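Novice: Dropping a structure here in structure tokens format, bear with me for questions.
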Amino acid sequence: MARHGLVTALLLVVLAAGCGAPAGAAAYLSKLPVALDVTASPKPGQVLHGGEDVFTVTWSLNATQPAGADAAYKSVKVSLCYAPVSQKEREWRKTNDDLKKDKTCQFKVAQQPYAAGSQGKVEYRVALDIPTATYYVRAYALDASGTQVAYGQTKLADAFEVVSITGVTTSIKVAAGVFSAFSVVSLAFFFFIENRKKNN
Amino acid sequence: MEVEAGAHGDMAAKSKFSLPVDSEHKAESIRLFSFANPHMRTFHLSWISFFTCFVSTFAAAPLVPIIRDNLNLAKADIGNAGVASVSGSIFSRLAMGAVCDLLGPRYGCAFLVMLSAPTVFCMSLIDDAAGYITVRFLIGFSLATFVSCQYWMSTMFNSKIIGTVNGLAAGWGNMGGGATQLIMPLVFHAIQKCGSTPFVAWRIAYFVPGMMHIVMGILVLTMGQDLPDGNLRSLQKKGNVNKDKFSKVLWGAVTNYRTWVFVLLYGYCMGVELTTDNVIAEYYYDHFHLDLRTAGTIAACFGMANIVARPAGGILSDFGARYFGMRARLWNIWILQTAGGAFCLWLGSATELPASVTAMVLFSICAQAACGAIFGVAPFVSRRSLGIISGMTGAGGNVGAGLTQLLFFTSSSYSTGKGLQYMGIMIMCCTLPVALVHFPQWGSMFFPAKSGATEEEYYAAEWSEEEKSQGLHLAGQKFAVNSRSERGSRHNAVLADAATPPNNTPQHV
């Protein structure tokens, strides 16, 4: 029966979702060394527009780090992170020390191989799906297995703002207007036609 | 299924209907896979219109993870929008009764569906929290198609099967709340694949429910008819001119304590069903880190259970009543709804995905069956005020939905999982009042019927002496005789007349 098939499909979906989670070592932010210096070009409080503005992020190994500290770093992942003011009353952006459960940094700016001794840099155009919020930038150093082993971030006080696209394109406005008008007009049309037929 | 004997010589007219009909040309049976004019066509037009309105009212729910980022919503905004989406129909359902009286159910349905289409399209144009809440409130008005649906069925189907027909239509319409959790993420994903960014794609996806409104409205206008004979004018002449005084009917409903118990109960089965439709997809997306489509698929299973669960509740109610009468119906409600509350508590506490989904499916089956079971008892509460009691019970569902969303899913002080747990506990507590419902002639959950009490007395008590002297209560007396089956099978065998010893049927549950 269709219902039997639905239950089977549901069980498969559930098992797949449960088994699909990648198995990696757990990393905790509080245990990671702040080994990278990260700077971002937007000034504190600057407003960037989704899809238009471009900014630069640079990172390098912190001078105070002992030599050889970056032996394990294979790549660097730079992310946009929500500032605490944008996390208020939004539990889907909550910070969790366990980086597997952490929702603070949801948008990847770039992922590049780590070049020891030199400064990394990326230019990034604000993507079309970045929501309106206040952000700072964090860079994770990843080892060969993709687990975070160190990080660095811009100062929270230097957080900048992004204003997203609204998503309301002109064609959507026109289509909504046309269909709405069609609905009302055709209703009125049917009503008057039938009333005229009734009265004739 | 033969046409009843004693047909008034219009056999020629009756042969033009594909279903057996009574003297008013209302169908006496139902054939689900037929689209024959007028009865089955009406059935399908009607339930699909109701289904469409459920789809558009809850279309935002599976897309909330995208919408909340696009519009910069906080948890309070999402919760308030959910409350708004179910509040509008409290009033529109009350007004719809009057509209159906004035214009007929076909125009009532078509008007609502086509005039709410612009509100659905408006959803694509909003860009802040205030707009979101307002539009969801306006779209919610369309849930009044429930009234036009039930009204239209009662013009087309005989009262012997109207319970089954209305239960099927209501259940299948409610299924829209589940179907939308599947449809919207699929459409969103397809639009994304075509190259749109998320903040544009969800807006385009909203055109699907909007177009469904327009299509159903046009189908209802072109293919529907108000009466089996297609004649609207005679409906306005003879039907629904309420010979009874509205104030008396309302007073009768309001002063009967059982009405309020069922208003409360329905708020905690239908109400929590609507609330869960609004929050469950987001819960699975956030709590279990699933993607939008997987979360939507799981959430869909909640609402789709309506296809069998709601009618099953009514069937269980009828089955129990055959042996133990009304007491079985009341116990049926209590068991189903309390079990639903327990499963809701489990749902909120579950930390593993398989356990959570199992809890959700069991919760949905129990809550929806309880809805069906409650409407298995509602017709017996009063004969005179049946319409208003049904309407108030229905409204209670929406009030319960708004209340539970406001209490448990709007504040940031606890998570959605905790909110589900509290809701489960509240369901179990608010189901206890069903033990208070006592019919003198049938008993209650814990007390047997009063000796000597009769159905005729109960239904005649709704009329004053003066009204009785005019014979206004006589139609209800016929129902009273038929309702004697609510005493259960042992007593139907034993009873020779109304005055008999009280029943001592042990209730083993």
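Each Cβ is built from the backbone N, Cα and C atoms, and glycine gets one as well.
Residues annotated as region 'Disordered' in TrEMBL: B:484-509. Under the heading transmembrane segment, TrEMBL lists B:45-66, B:107-126, B:132-153, B:165-184, B:204-228, B:288-309, B:330-348, B:360-381, B:388-408, B:420-439.
On this model, are these features tucked inside or out on the surface, and what's nearby?
Specialist: Beyond the transmembrane segment (B:45-66), the same-chain residues lying 6 or more positions past its ends with a Cβ under 8 Å from any Cβ of the stretch are 78, 81-82, 85-86, 105, 109, 112-113, 116, 120, 123, 132, 136, 139-140, 142-143, 145-146, 148-149, 152-153, 168-170, 172-177, 179-181, 183-185, 188, 198-199, 201-202, 205-206, 209-210, 212-213, 216-217, 219-220, 223-224, 277-282, 285-286, 292, 295-296, 299, 303.
Remote same-chain residues near the transmembrane segment (B:107-126) are listed as 45-46, 49, 52-53, 56, 59-60, 71, 92, 96, 99-100, 132, 134-136, 138-139, 141-142, 144-145, 147-149, 151-152, 203-204, 206-207, 209-210, 213-214, 216-218, 220-221, 224 (criterion: CB distance under 8 Å, separation of at least six residues from the stretch ends).
For the transmembrane segment (B:165-184), the residues of the chain that approach it from at least six positions outside its boundaries are 30, 32, 43, 46-47, 50-59, 61-63, 145-146, 149-150, 153-154, 157, 205, 208-209, 273-274, 277, 280-281, 296-297, 299-311, 314, 368, 371-372, 375, judged by C-beta separation under 8 angstroms.
With a cut-off of 8 Å between Cβ atoms, the residues of this chain six or more beyond the transmembrane segment (B:288-309) that come close are 58, 61-63, 65-66, 171-172, 174-182, 184-186, 188-189, 273, 276-277, 280-282, 353, 356-357, 360-361, 363-366, 368-369, 372.
Packing against the transmembrane segment (B:388-408) from elsewhere in the chain are residues 79-80, 82-83, 86-87, 89-90, 93-94, 97, 143, 146-147, 150, 249-250, 253, 256, 259, 262-275, 278-279, 371, 374-375, 378-379, 381-382, 414, 419-420, 422-423, 426: each is 6 or more residues past its ends and has a CB under 8 Å from a CB in it.
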Novice: Any chance the transmembrane segment (B:420-439) and the transmembrane segment (B:330-348) have 3 or more Cβ pairs under 8 A, given the pairs are 6 or more apart in sequence?
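Specialist: Touching, yes - the transmembrane segment (B:420-439) and the transmembrane segment (B:330-348) meet the threshold of 3 or more Cβ pairs under 8 Å.
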Novice: Would you kindly list the residues that approach the transmembrane segment (B:330-348) from elsewhere in its chain, counting only those six or more residues past its ends and only Cβ-Cβ distances under 8 Å?
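Specialist: Distant contacts of the transmembrane segment (B:330-348): 265, 268-269, 272, 276, 313, 316-317, 320, 324, 355-356, 359-360, 362-363, 366-367, 369-370, 373-374, 376-377, 417-428, 431, 434-435, 437, 444-445, 507, 509.
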